[in-house]
Structure formats: C-alpha cells, structure tokens
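Trainee: Just passing along the structure, written as structure tokens.
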Amino acid sequence: MSARKQMMNELTIVIEANPLLRGRTKFPQINKSRLRRLINQSLNWQHLHCTHPHPQPHIDTLFTDHKCPGPDHLHLQDQLNEGNPSPSTPMPESILPVSAKPTCNSSTVTESAISDGTMNLRNLTNQESLDGNTDFGDTSKIRSTVTLNEVVSPIKETPYDVPATVERVLDMGSSPSSIDFHPVQQTLLLVGNNTGGIELWNVTSAKKLFTRQFMVWEVKTISAMFLEDMVNNPHISVNRILWSPDGLLFGIAYSKNLVQLYSYHYSENYTEKHLEIDAHDGSVNDLAFAKPYNKLVAISCGDDKLIQVWDTVTGAKQFTFEGHGAPVYSLCPHENENIHFVFSISTSGQMKAWLFDNMGSRITYAAPGLCPTRMSYSTDGKRLFSCGTNKDGGSYLVEWNQSEGFVMRNYRGLCQLASGQVQFDTSNNKFLAAGDEHVIKVWDMDNADILAVIDADGGLPASPYICFNKEGTLLAVFSDHNRIKILANHRGHQLLQTFTFVSSDSSEFLSKSSKKLAVDSIPLPAKTRIAQGDVPVASGPQRDKAPGNLENEKSVEQGNKLEMQNISKIVEVSRCRSLQLTSKVETKKIRRLLYTHAGNGILALAEDGIHLLWRWSKNDSNLSGKATTKCVPQLWQPKSGLLMINDLPESNIDLVSPCFCLSKNDSYVVSASGKMVSLFNMLIFKRMRSFMQSPPAATCIVFYPPDNNIIAIGMDDSTILIYNVRVDELTNKLKGHSKRISSLSFSTVLNVLVSSGLDAQIVVWDSITWEKKNNTFLEISSGWLPSELSETHVQFDKDERHFLAVHETQLAIYETTKLQCVKQWVVGNFCARIAHAAFSCDAELLYTVMRDGIVLILGASDLVPRFEIDPSAYLPQHIRTRVYPLVVAAHPQKANQFALGLSDGGVVIIEPMESESTWTVPLQVEN
C-alpha cells in the first residue's frame, strides 16, 4: 500500500469516528498515478489534432512530431488484426431463441476501440476555459491490445422487473420519430413523427388524447431563409420531443431551425402554445431541459455546430456555447454536487462539457468509436452511460466513471454491423436496454453480458427506438407499420388495469358507504380552429383537449357528474402491512406529523408539546435505510436524555393549534404549541432560540424555500408574519383573513404563498413583494355548515401550479393563478367528516383520513376514491373502539407509503403488501 493510500485510510477512520460526519462525507478515490494521468493527457492532446485520430495511440508518439495515418491505413490494419487473432480462448457461441438470433457476425474488437475520456466533474469550476484544454482521454486502457470476442453470452429468462409483455399497440398515422413518457403521469406518452406532427396518447386506453400538425405560429419572428426553404421543400420532421422535468412543458426540436414549447395542463388535459424559437440555422438535432440556479431553461443543439440555452419563460437566449467542429448531435444536462453542467457530443464523436457561463467548454475528449453518441444518467443520477454507432455499424454501449473520467464497463452483445443508430435507455437504476437487430437487448447495469433479449412479438425495425416510463414499469418501442408497442412488467400491467378511464355507471360497490360518492367536473375549454396555408401558420391562442371530451362537450357544459369506480375495501390485516411505532415517552394526541426529507425518519408533535422522532438505520433487512414496515425504527433521543418540548399556555390547551416545520437538511425544526416559537437542533434536541412572544400565538409555520433562514408564520389573530430567524427580524406582516390562519404553502414555480384559515378563505400572496394577488372562499354545500374550529389545509401538487384544499366537508383541487376550483369531492351524508389529507409524493394519490378511522385513497387526477382501509387493518382489536387517526403524512420518496398520527399518541405506518408493492384493486371472483 502506498503512503498516500495509507494516509487516506487513517484519515477516513478519524473522520468517520465523528457521528456528525459519519455517512455524510464523500472521500476521493485515489486509483491512478499522476504520471499515468499526465501521459494520458499528453497522448490525447497530441492525437486530438490529427484528422483521423488513431484509436490505439502509443506512448512512443510523444517523442516525435506525430501525424496519424488516414482511415484507409487504419482499415487495413484492422483487417490484419482480424487475420491474427489473440491466442485467448474465444467464448462459445450462445444459444438464443430463434427470434433473438444475431443477424450479423459477432466482430472481434479490441478494448482500444473504447476511448477512455477523462472528465473529473468535481473540478469543473477550477479548470481553465481554453479551446482544446484539459484532459482529453485516459489511455491506460487504450494501450491495451488484448482482444475480446464480442459474442453474446447465453440469454437468461427475462427478469421479473423488465417490461417484456406486449400490453398495448398504438397505431400512428405517420412514422414516429421520437417519444417520451410524462414524468408524473406514468401512462401518458408524447409522440413526434416524421411529418412534423405531435400526438399525446393515453396508453391505458390506447387512445389518442390530442394531435397537432406542424405550423409556424408567428411568421414575423421567423427567419426569411427558413420560410423560403419551407416553400421550396415543405417537408419537416420531429427530431426530438421531450417533457420538462415537472411535466408542465414539453418541447419539440424540428429538422429545420425551430424549437416549439407547449404548456400542458394534465388536470384538465389541454395544451397551450408557450414559446416558438428560431433556434438554429438548419436542423435542431436535440433538446434538453435543465434547472441551473432554480431557473428552468431549454437547451438546443444543431447542424450549425452551436449549443443554445433559452429562458423557458421569455424565450430569451441565455448562453451560446461554441467550439464544436462538426454538427452537434446530442445533449445531456446534469447536476453534480451543486455544479450544473451539460455534455454535448458532435457527429464526429467529440464530447465537451459546459457550465452555464460564457467561459467556454471545460472538458473535451473523444467518444468511444469516434461516432455520434447519446449519454444518459441512471434514474438516481449517480451513474453515467453512453451509446453510439459509427458509420460502419459498430456500436458502443459503455458506463463511465464520473470521478476519474474513464470508461469503466463496456457492455457486450451489440451487433457490429448495425444498419441504423442504436438507441438505448435506462430503468430503475438497474437495467440498460437497447434496440438492436430487430429486438430489445437488456443488460444488468453491473454486468457486461446481455441479461435478456425481448422480441416484443416480432415486427420491430432493425434499430428500434425505445423509451421507459419514469418508474420503469412500461417500455415503449417503435414497431413496423407505423406502430408503437407498449410493453409492461407485472407492476405495469397493474398500472394499466388500475388507472383506466371510467365513464359508465358503477352501481355495485363493495362498501355501502361508497354509493353516493360523486365528483364535480369543471367544464373544459373548447378547441379552436387552425388556419392552413402554404407554410402552415397558426392563428390565435390554442388549447387542445382529448377527443373523448370533445364528443361529450354538451354534457360537460351541463355540469355532468362523473360516476365513481368501485372501491377496493381493505379490511384484513393481510391485505396491507402496518407497523406501530412504539415510544416509552407518554404523550397525548398526535396533532402534527411529517417524514424527514431524507425519508429515513418520522417526526411527530403531540398535543402536550412533546416531539417524538423515529429513525430507521441501514441493515440487512433495510438496505436503503428508508422508513419501512419491515423493521422497527429507533426512537431517537440523545444521551443527555433531553426532549424537545414546546412551551404550553396555562389554560385552554385543547384550543391550541400546534405547528412545526423541518429544515431542508433535517437538522432543525421550528415549532410552537400556543406560546413562543422555538428553534430546536434535531441532532442534539437542544433548544437554540425562542422568539415571537404570545399572544397572538403561532398556528402554522413553513420555511421560505429560497432562504432557509426565513419562515412564514400564520397567527391566531388572522395575520401572517414573514420572519428572519437568523437576524431575529420581522420583515413583513400580511393581512387578509378574518380568522385564525390554519395552513400555508409556497410555490417556487409561481413565486406565491397560499394561505387558508378558519374563515374558509384561500388567499394567494406574491412571495417576492408580499402583496395580495387573489382570494376566494371554499364552496361549502348547504346542510354542511363548518364547525367553529373547522380548519382548511392547503398543499401544492408536484407541479406547484395546482394545490389541494382539505376541509372537513370536502377535498378540492385549485388552479393557482386564476384561483379556480377544477375538481371537488364532497363527503356525503353517509360518512364521517374529513380529519386530514395529503398528496402522495408523486401526486397521483390522495391519502384521506376520516374521523371514524377509515382511510380513503383517492386518485388525484379525478378525485375518485379507489381504496378504503378499515381501522381493523391497522389498529389492534383492544384499542380499535377508542383510538382513531387525526393526521396523515406521505413518504417523500415512496409513493405508496403513509403514516397516521393517532389520538392515543401513537404513530402507525401503512403500505401495500410486498407482493403487490402498489395499491391495487383485488380481482373479483364470480360466484
């Protein structure tokens, strides 16, 4: 062991001994010597300037004025190499199903064909921005001459998690060219085609929700050269179609000049034209979204060898990245340790990395095979992969070591005579898939050999385009005859069965209490006409809706009621998993409950001001360390025995509205229970500060997202205070309610604060100027008069443009800017009132607690109750008659897990059975 490694090991032991740093510190990997790194940099610098860089450079070339030979010489040398194979024993030819047999010969390639680019992302900000700077490759492997017979290993049975069964076939009007699944609504598929048209499909029903042909929106803003070209050659196609990360926008990159952005309102299923950008001279080859400095931008690249960065709100150009010597083929933005950057790859295989500034590229190196390449990160953003195909059909699928910047794994099994560009995708931090040889080939990320081959019932093109949905439960693949096949795994099959659109009357419910449930449908806007011309030009604002909605427009305008689906009633303990969290500390009712942001703990605030914190640790039965029902967590308490306890008023404790909020790093909690507001350190349970003497008392608290030192405090005198904790200063006081404030919620997308109170009023405030923007009152049905202490809670949807309002009489979804109620669910006379409700982390479900102990799980898209959980499923029999839940909290990463705060001071966690993994409707058995 070297002295440096020994020193690093000793330092690691010392640092990990500190409990505050244990598990939070990332240590550098010292794998390569500095001399080898210097040689690699020099080799790549020298060979970068060659017209045809040699894929196998040698150290001897550093001592002479070197020039690589032309491609003909390289081709001849490759033939000589093939005639003199390595003495290593070749692997036997694998036995494949007939549908999966290779159609081309497995080629013998050397490791030297894979160029090991150096791209230390941690040092991006410290590297000089010279043209042709920094590390261009790590040739420690390039110098290797060991040959590998690139043959496919025996194919195993398709893994359970891989979508392999064809569930739907979508018939397109034209040949599809690009697809993308919605990041939130897992069954919505966006499609672009080779005639410039776009379509949105619901793969559940295999129905087209809307279609749009290409047209120019504003002729005045488009270059004359483009318009002239369109007159002479009107053909245009979609090169890339892509959702933004939040699913509120989607963009289209066309084969000529333009990028168009649409806004999509999935709660009402319509689109609006957002921005049209004359982005490049010639084809726009790729499009990507990124959010540097919390500002969403669109990134485009094209045949003009430029990368452009655009503001998605105004369309203004933010940056132009220049430096490629060939058309830019693909983009891959990412964020690593708070450094936002974007990779770009040209058609010549040159790869560059850029920060969002005007300082030029930080890294330049060669892609494997010096060919057009696409890069993609795993779902968690921790692993980087790339796939490219050169002009001779040779394909390269590799994984990169991000820290050191070299190719750490070359996946075997791709055909080396591909007829088209091989497309790939990643799934669930576990699988890689590529469309090759009329099939879909699947790899385990940790194994270079093919894991499975999927033929999708045949009929696939030579190099089919593939795309997973975000959860990896569905896989879309291009098929012959202008079709797209939707493959699913077991969970995907359940997803397609569960989230179907129901328009018929479902009268036979499992539960008597479900018969009168109904949802008010808000009328949707009508579709406008489209003007046609020589160059397609649109006129006026446009909103596209589902064809099904258009057919029923008349009934919608009359305020039609949507009938409910059957409710799956979970009344047996075996149908769901639950875990009662135990505590030696005696407390009263749990009034507030939340998960830590890391998802590994639960914090509860009892009526008597005591905070309880449970934490899960990593072990053999809980490898992720997240909250789970599989193992019991530890009640967290420092060795000092301290408890976090709020000061209580001397009288009327029952009328107190306890409140708390947790900092982003889970280190501090701000809390109050009727008296002063306290700031606690979550690690040592120490009260750091107290402020805001009562009365009036704080009734709700939230952190201001842009600044963790600022909090918004709702008061029982109907005011809202904006308070800077760090400087102990009140900065603003908002007045607009007439009764106690019950809830606050921020939207960073819209820069607003939404407040609600006991007056049943909802107010929207500008979070920059703190001015009142809008207000409305809950629509409460006659006969359902709210009680004197009836609170309204608000919570933003995942898109932060819609929010949920929870009242004891109803659940309602509001569009924030217009403050319009778009969906509403009102409890009937047959059931108890609502105690509390919360969105699941993916905003697809609503966990609703009724005051009689029943938990309803509703679909957030339509407010349809889908599941009913009886108290007997999660409460022991001896306490079932006297204990009931008061509050619910949803896990921040696990969409199907939630926790309940109980009236006896207990907390229980509920999630589906492990075999089901999601809340699914049980199969009905006919008698």
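From the backbone N, Cα and C atoms, a Cβ is placed for every residue, glycine too.
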Trainee: If I go by TrEMBL, the feature region 'Disordered' sits on one of 116-137, 138-159, 534-555. Which?
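Mentor: Comparing 116-137, 138-159, 534-555 with TrEMBL, region 'Disordered' matches 534-555.
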Trainee: Please work out the helix, strand and coil residue numbers for the repeat 'WD' (277-320) from the DSSP assignment.
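Mentor: Final tally across the stretch: 3 helix, 24 strand, 17 coil.
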Trainee: Can you break down the repeat 'WD' (422-453) into helix, strand and coil residue counts using DSSP?
Mentor: 0 helix, 21 strand, 11 coil
Trainee: Across the domain 'TOPLESS zinc finger' (28-68), what does the mean pLDDT come to, as a whole number?
Mentor: 65
